[in-house]
Amino acid sequence: MPSEIAVEKKKLKNPPLQLHYLGDRVLRQPAKRIAKVDDELRQLIRDMLQTMYSKDGIGLAAPQVGIHKQLIVIDLEPDNPANPPLVLINPTIKQVSKEICVAQEGCLSIPNVYMDVKRPEVVEIAYKDENGRPKTLKATDLLARCIQHEMDHLNGVVFVDRVDNSLTLAQELSKNGFSYQAVKPVA
């Protein structure tokens, strides 16, 4: 379900929140569940959305801006003002498909690095919206991929941890000023 939070989809020269990048320990720490959905949290959601739009992203998890909360914002159509964003509070994966899809991913925390990642094609999640209402969502295609990518951030995992081709990954990271030593491969 789309969010009711209203944020102008525009790029700001100085977004409200600072991104953290691969190699920063903050990205490796698991996020904590959110106990209370209130106006302070809704302001954080607005700030995260504005930061995401300012950086040309389609998804952002709170740990990427140094906040250890289980909070994700997603907008697959950032250029479409009529399409509201998706806000996921304390998301949990209920089910994933057996069908695996390989597609290229990028990340605001690892600028200019794009690599193929295998993920389940369909994912079903439970979460709370920005008003604290429990919701479920079955997602496919790009939305399923984006949800899984952002949920990884909540667990201290970044997409490069899931890349199979370590040689190409090391070259891409080095070319963009990142160290392969910051990668923590997951099975």
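Backbone N, Cα and C atoms are what each Cβ position is placed from, and that goes for glycine too.
Annotation source Swiss-Prot lists Fe cation binding site at Cys107, His149, His153. The annotation active site is assigned in Swiss-Prot to Glu150.
Sequence features annotated in Swiss-Prot and their locations in the structure.
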residue : record                 : Cβ within 10 Å
Cys107  : Fe cation binding site : 25
His149  : Fe cation binding site : 23
Glu150  : active site            : 25
His153  : Fe cation binding site : 23
Same chain, not part of Cys107, His149, His153: whose C-beta falls within 8 angstroms of the C-beta centre of the Fe cation site? Give them in sequence order.
Gly59, Ala61, Gln64, Glu105, Leu108, Ser109, Glu150, Asp152, Val158, Phe159
Please report how many Å separate the Cα atom of Glu150 (active site) from that of Cys107 (Fe cation binding site), as a whole number.
9
Kindly assign Glu150 (active site) to one of the three DSSP-derived states: helix, strand or coil.
helix
